[in-house]
Amino acid sequence: MSSADKNLSVFSTEGLPDISQRKFAIVVAEWNSEVTEKLFEGAYATLIRYGALAKNIERGNVPGSFELTLGAHWYAQREDIDAVVALGVVIQGETKHNDYINHAVAQGITNVSIKTNKPVIFGVLTPNNMEQALERSGGVHGNKGDEAAITAIKMLGLQEKITNRRG
Ligand code: RBF
């Protein structure tokens, strides 16, 4: 299936780890907030659906996607946080500036993940226009927030398996 046809809310859920004791941070960019709120709702609901406790999910807002890296870094550095989900929407094509933001955030989040040795998930939509953004934030193509949250859970499962921390 091409990525254009993918439904972001359809994924395998086999062998997910127990996340009832795990702590998550969700960092949300306020730019394009009508979309990022939907991403947050999807991510939050997915974490709860697969076993996270509400008291173990913390939210922090940043002004724009460019600030997701530092917001994610502050959370990931906290010892009690197990995984971070970073959510934003950068609409392509409006200005070249967007390419720089996408690149910087992708690189920045990867660096945070490696430096802190924790899953830090790139939940940033990079659509061509607002219509595509809405289609991927609870519309016909599902919700990128759901996908980002399940990715965090799956990475915690892989971490457990590899490091034999649990189970
Ligand atoms: N932030 C986003 O999250 N999504 C965007 O599409 C977006 N577009 C921007 C376009 C321009 C021309 C500028 C200057 C900023 C944009 N930002 C966007 C905000 C950016 O992530 C950051 O918050 C600001 O650049 C900080 O001043």
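Backbone N, Cα and C define each Cβ position, glycine as well.
Copied over from TrEMBL, here are the features:
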ACT_SITE  His97  active site, proton donor
BINDING   Trp31, Ser65, Phe66, Glu67, Val89, Val90, Ile91, Phe122  5-amino-6-(D-ribitylamino)uracil binding site
BINDING   Glu94, Thr95, Arg136  (2S)-2-hydroxy-3-oxobutyl phosphate binding site
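Mapped onto this structure are the features recorded in TrEMBL.
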residue: Trp31; record: 5-amino-6-(D-ribitylamino)uracil binding site; Cβ contacts under 8 Å, 6 or more apart: Pro63, Gly64, Ser65, Gly88, Val89
residue: Phe66; record: 5-amino-6-(D-ribitylamino)uracil binding site; Cβ contacts under 8 Å, 6 or more apart: Ile101, Ala104, Val105
residue: Glu67; record: 5-amino-6-(D-ribitylamino)uracil binding site; Cβ contacts under 8 Å, 6 or more apart: Ala29
residue: Val90; record: 5-amino-6-(D-ribitylamino)uracil binding site; Cβ contacts under 8 Å, 6 or more apart: Ser65, Asn98, Ile101, Asn102, Val105, Val124, Leu125, Thr126
residue: Ile91; record: 5-amino-6-(D-ribitylamino)uracil binding site; Cβ contacts under 8 Å, 6 or more apart: Asn32, Asn98, Pro127, Asn128, Asn129, Met130, Ala133
residue: His97; record: active site, proton donor; Cβ contacts under 8 Å, 6 or more apart: none
residue: Phe122; record: 5-amino-6-(D-ribitylamino)uracil binding site; Cβ contacts under 8 Å, 6 or more apart: Ala86, Val105, Ala106, Ile109, Thr110, Ala148
residue: Arg136; record: (2S)-2-hydroxy-3-oxobutyl phosphate binding site; Cβ contacts under 8 Å, 6 or more apart: Leu8, Leu125, Pro127, Gly142, Asn143, Lys144
DSSP-derived class (H/G/I helix, E/B strand, else coil) of Ser65 (5-amino-6-(D-ribitylamino)uracil binding site): helix
Ser65 (5-amino-6-(D-ribitylamino)uracil binding site): tally of other CB atoms within 10 A of its CB: 27
The residue listed as 'active site, proton donor' in three-state DSSP notation: helix
All-chain count of other Cβ atoms within 10 Å of Val89 (5-amino-6-(D-ribitylamino)uracil binding site): 27
